[in-house]
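Asker: Encoded as structure tokens, here's the structure I'll be asking about.
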């Protein structure tokens, strides 16, 4: 077993989580406030990765970004970006695939806050932005932590979408979950064990953090 | 001077209601909105704040127009400079008492007002606590102080004392009266409590099903102005008993149970639950329904 795929997995999870955190806050805020008619459509799109087979998402992204296609060719010619079989492609796929895991906790956290809080801030002359950052978000810290950790853990657990769009290129797109598959195919069970145990540990550890913090367990032991 | 003329179709628990208000608040006045729940009082305050949009009419102050249906003016709450204490106080749980007040400061405003207000409502010892650690009366004081930080043109109080016990109410009524006078506020209060209204307000509007049915000074409306009483209490009838040729009326006034003798004509239209005023002229107490 090598550490390369594990480090790549952690990098992918960290970058994806960071991007999604920034993207999800305005999206979740909009979903929690809007009465627009397109809200159900937006919500269905955000939730789709929960039910869609990852291979389907990966397949369409592969088609869209392939340099043999008009859009992929344009990206390549214009910006020199090739999203197929590259780390940036993996990041984009992961962002789409983990979107509900970040948006849902933040959205439900915001919806659960009493409307009177934001109204009080508006009457005190504060803009929507100030209200969001100084009143609403600080009061949903547990929901934000849940979003961050679940996104991180879910990205670590990705397989299908990564395999479709990234392939299995060592050092570029060969993440730990794919390495397990690869080693098993080659009948190298010891190496597969190594990756599997590391993944098991990381997944359990991250989820444990959520439940320890949100359950108030850590607070009980601090003065 | 704030001139209010608004219409709004409301969906309430009792069905549709057409709120139709026409009132004006003179600068420096303490005005009370009185009426049964569901009469449209809270909706009125929310429309003054800009949290709810009237269907028609206008709201104008001496300086600017807050709302005018015909001219398509509807200032957002941020631009109305209102102090609003809602029924549930809506304190920010993530901030300490002091931070709650400081949050309300305008960008260029000096922070001295925060110290001043903390002093007035006597929250100095609690200023670094979070609202979750405070009692109802303390939270109410924080909400009141926070609403005053921006020196509002209009202070709106939505039954701020209804959740508190009588002793705390009386203390807080004094705080409200003090700040109303000190900052020369125009204040609009929603209240059900006759004693509270008598103590605080200069003018009273009674609302029923979205319309103003009576307006005047509290003494006029509660019929207390005409007697030249030496003393006067308001209370609630808890029982009426016949004893020989007179009736004994039991009243709850504040914490006390009081028995008063009434003649049959007085007792005839009194029933448990009625609000009454008891006044005494020299020797004999006069009991009158309000």
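Here, residue 1 is simply the first one shown, and the rest follow in order.
A Cβ is built for glycine as well, from the same backbone N, Cα and C atoms used for every other residue.
Quick paste of what TrEMBL says about this protein:
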type	residues	note
TRANSMEM	A:6-32	transmembrane segment
DOMAIN	A:6-208	domain 'ABC transmembrane type-1'
TRANSMEM	A:44-63	transmembrane segment
TRANSMEM	A:83-103	transmembrane segment
TRANSMEM	A:143-169	transmembrane segment
TRANSMEM	A:189-213	transmembrane segment
Asker: To the transmembrane segment (A:6-32), which of A:44-63, A:83-103, A:143-169, A:189-213 is linked by the most Cβ pairs under 8 Å?
Answerer: A:83-103
Asker: Can you name the far-off residues of the same chain, 6+ from the ends of the transmembrane segment (A:189-213), with a Cβ under 8 Å from a Cβ of it?
Answerer: 1, 5-6, 9-10, 142, 145-146, 149-150, 152-153, 156-157, 176-177, 179-180, 183
Asker: Below 8 angstroms Cβ to Cβ, which residues of this chain, lying six or more residues outside the transmembrane segment (A:83-103), approach it?
Answerer: 8, 12-13, 15-17, 19-21, 23-24, 27-28, 31, 46-50, 54, 57-58, 61-62, 65-67, 72, 75, 147-148, 150-151, 154-155, 158, 161-162, 165-167, 169, 172-173, 175
